[in-house]
Amino acid sequence: MPWRLCLHRDPLHVGVKMPCQHRSSEGRCLYVILLMALYWCTEALPLAVTALLPIVLFPFLGILPSNKVCPQYFLDTNFLFLSGLIMASAIEEWNLHRRIALRVLMCVGVQPARLILGMMLTTSFLSMWLSNTASTAMMLPIANAILKSLFGEKDTSKEMSRENEETQAPLQQNKLYTVPTEMQFLASTEDKDLAEEKEITSDVLSDLKKEEEYKNNIWKGFLISIPYAASIGGTATLTGTAPNLILLGQLKSYFPECDVVNFGSWFMFAFPLMLIFLLMGWLWISILYGGINLRGWRAKKSNLRVDAEARAREVIKEDYQKLGPTKFAEQAIFFFFFMFAVMLFSRDPKFIPGWASFFAPGFISDAVTGITIVIILFFFPSQKPSLKWWFDFKAPNTETQPLLTWRKAQETVPWNIILLLGGGFAMAKGCEESGLSVWIGGRLHPLEGVPPPVAVILITIVIALFTEFASNTATIIIFLPVLAELAIRLKVNPLYLMIPGTIGCSYAFMLPVSTPPNSIAFSSGHLMVKDMARTGLLMNLMGVLLLSLAMNTWAKSIFQLGTFPAWANIHAENATSLLPAVENVTLSALNKI
């Protein structure tokens with residue numbers, strides 16, 4: 001990289017400009033970010049491997065020394081996320097998630113619209129604490145079992161298969177699940193002689209097509225609701241999805257004095273938004289796929305449809321009974337899960353003093369809370385201990401299995417996510433130290449005249465569209481530094497732009513490749529790209545509007561968004577002092593990189 005001359009004022013501040021040598025560290029940092037963004041979007045390398053590039057490139061290119069890069073991969077934010085992953089592993093180990101899901105479905109009922117609502121509520125609740133991918137993978141088998149009980153698995157009528165061949169052919173070409181219709185079921189139960197003599201009229205064929213279309217739509221509605229609910233539910237807690245934690249980590253890097261975002265304050269803001277969006281999404285999916293029929297809601301159900309719902313109810317009850325009575329391990333996991341949530345929420349809720357106030361200020365963080373709970377899982381017994389053992393000298397000295405073993409944690413915890421988070425934090429540190437974020441902020445003059453509420457909507461739309469094609473984690477890593485500098489330019493609270501950008505990364509509903517939950521649901525073979533596109537388009541629009549509403553109403557009081565905070569003002573003064581030096585980096589120098 002060539003050296004070039006630039007002019008700076010002398011350190012004695014006598015007003016004499018002196019020549020000095022300056023290297024374009026901003027340009028080199030921009031090169032690394034663009035390279036990582038390309039690899040993340042194309043997946044030329046595994047995402048976690050791409051996240052390791054700053055450890056190599058930043059020191060070699062003179063952007064950041066290794067003793068500043070490597071610690072970014074083990075911040076307390078990473079350990080908070082790790083505690084959530086380990087808790088999810090314990091829940092999955094003892095099937096607590098399945099018991100919760102079946103119990104919810106037993107309460108909501110078995111009508112299609114109610115079942116979709118039950119699926120979405122359960123998936124979103126699980127996704128608040130588990131990863132979105134794990135929540136979707138856990139719920140899809142339950143959904144498939146219920147659907148098979150409602151509609152059957154294969155054609156049970158050989159007689160009707162010939163007459164309905166034209167209807168089934170296009171469905172099979174589109175990889176839709178072929179299910180027996182009510183008319184087929186009737187025909188299969190009739191006497192064979194009568195079936196041979198009876199002619200199939202055009203009205204019967206029309207009914208066949210309508211019934212087949214209804215059942216295929218219900219099947220689609222079930223499957224598409226689960227990944228959408230997982231994406232929505234993950235936004236409700238800081239540990240629900242990786243972008244939320246990346247926001248927390250980058251806030252600590254850019255604005256060390258910012259202490260308004262923690263588990264409790266985020267939950268108070270994001271949980272109501274999640275509930276409203278979930279309800280709106282359920283109505284849209286139910287109306288679009290026939291779960292709620294606005295025209296014929298008073299129409300009487302056929303006897304066969306009533307019987308199918310009764311069979312589904314029995315399947316849910318049977319699956320729940322197979323789990324047996326609640327085990328001691330399940331009760332213990334639920335207790336620690338409850339303590340995990342309560343302690344994170346009550347550590348520093350802001351509106352009242354939290355339990356962390358009993359300790360030295362700054363010593364206790366959410367990571368300390370989460371790791372404390374999950375460590376207990378590795379030695380707490382999975383079977384109810386007996387006091388008689390202590391007094392019976394002849395009792396066998398057998399080893400008691402804990403709630404979670406380290407081998408199980410090694411197998412089930414996605415460790416690559418920790419590296420991915422670390423790569424994002426390292427990238428943010430490089431942008432800050434090299435001055436790239438300040439340089440980008442200096443190029444945002446056209447946006448300074450945009451009203452902040454309009455800027456929120458535009459930012460959410462751009463990021464929601466970008467994340468349809470790229471990983472949500474990679475998207476937020478790239479955009480957060482830009483949003484921070486844009487907020488300083490607009491003289492608004494940085495959270496006013498950074499929070500919508502973060503949540504907007506989770507609003508990816510239109511394509512199968514947008515998120516792993518979408519890919520899992522699409523891989524079932526019952527959905528087509530156009531199904532996700534037409535459903536996800538309105539979901540994206542609803543998400544943008546609801547997020548804008550939340551940011552301009554209750555979020556203002558929770559995060560004090562109405563004023564430009566002192567912790568952001570300090571960063572703005574530092575950026576202003578660096579701006580004259582950064583302006584010396586011209587576009588021609590960047591083109592030479």
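All residue numbers here begin at 1 and follow the chain in the order shown.
Backbone N, Cα and C define each Cβ position, glycine as well.
Residues or ranges marked as transmembrane segment in TrEMBL: 31-61 (among others).
What TrEMBL records for 73-91 (among others) is transmembrane segment.
According to TrEMBL, the transmembrane segment annotation covers 100-121 (among others).
According to TrEMBL, the transmembrane segment annotation covers 133-151 (among others).
Note on the transmembrane segment (222-246): residues 77-78, 80-81, 83-84, 112, 115-116, 119-121, 123-129, 131-133, 135-136, 139-140, 143, 146-147, 262-263, 266-267, 270-271, 273-274, 277-278, 281-282, 285, 289, 344, 366, 370, 417, 420-421, 424-425, 472-473, 475-477, 480, 502-503, 505-509, 515, 517-518, 520-521, 524, 526-527, 531-532, 535-536, 539 of its chain, located 6 or more positions outside it, place their CB under 8 angstroms from a CB of the stretch. Annotated transmembrane segment per TrEMBL: 222-246 (among others), in sequence order.
Feature annotation from TrEMBL assigns transmembrane segment to 266-292 (among others).
Residues 83, 87, 90-91, 94-96, 99, 129, 239, 263-264, 267, 354-355, 366, 369-370, 372-374, 376-377, 380, 382-384, 403 of the same chain lie 6+ residues outside the transmembrane segment (328-346) yet bring a C-beta within less than 8 angstroms of a C-beta in it. The annotation transmembrane segment is assigned in TrEMBL to 328-346 (among others).
Annotation source TrEMBL lists transmembrane segment at 358-380 (among others). With a cut-off of 8 Å between Cβ atoms, the residues of this chain six or more beyond the transmembrane segment (358-380) that come close are 76-80, 82-84, 86-87, 90, 238-239, 262-263, 332-333, 336, 339-340, 343-344, 347, 402-406.
Marked as transmembrane segment by TrEMBL: 413-430 (among others).
According to TrEMBL, the feature transmembrane segment maps to 450-483 (among others). Sequence-remote contacts of a segment are chain residues at least 6 beyond its ends whose Cβ falls under 8 Å from one of its Cβ atoms, and for the transmembrane segment (450-483) they are 33, 36-37, 40-41, 47, 241-243, 246-247, 250, 254, 420-421, 423-424, 427-428, 431-432, 436-437, 440-441, 444, 490, 492, 494, 496-498, 500-508, 510-511, 513-515, 540, 543-545, 547-548, 551-552.
The transmembrane segment annotation in TrEMBL covers 495-515 (among others). If you look at the transmembrane segment (495-515), the same-chain residues 6 or more away from its ends with a CB under 8 A from one of its CBs are 132, 227-228, 231-232, 234-235, 241, 243-244, 246-247, 250-251, 258, 260-261, 269-270, 273, 452, 455-456, 459-461, 463-464, 467-469, 472-473, 475-476, 479-480, 483-484, 486-487, 521-522, 527, 529, 532-533, 535-537, 539-540, 543-544, 547-548, 551, 555, 559, 561.
The list of residues near the transmembrane segment (535-555) in space but at least 6 beyond its ends in sequence, with Cβ under 8 angstroms from a Cβ of it, reads 224, 228, 269, 272-273, 276-277, 280-281, 284-285, 288, 453, 456-457, 460-461, 464-465, 496, 499-500, 503-504, 507-511, 514, 561. Annotated transmembrane segment per TrEMBL: 535-555 (among others), in sequence order.
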Remote residues contacting the transmembrane segment (133-151) - C-beta distance under 8 A, at least 6 residues beyond either end: 88, 92, 97-98, 101-102, 105, 110, 112, 115, 119, 122-123, 126-127, 177, 179-180, 215, 218-219, 222-223, 226-227, 230, 233-234, 308-309, 311-312, 314-316, 319, 516-517, 520-521, 524
Tertiary contacts of the transmembrane segment (73-91) (same chain, 6+ residues out, Cβ under 8 Å): 55, 97, 129-131, 134, 238-239, 242, 245-246, 248-249, 252, 333, 336-337, 340, 365-371, 373-374, 377, 403-404, 408-409, 412-414, 417-419, 421-423, 425-426
Distant-in-sequence neighbours of the transmembrane segment (413-430), which means Cβ under 8 A and at least six residues beyond its ends: 29, 32-33, 36, 46-48, 50-55, 58, 63-64, 68-69, 72-75, 77-78, 81-82, 85-86, 89, 131, 242, 245-246, 249-250, 253-254, 436, 473, 476-477, 480-481
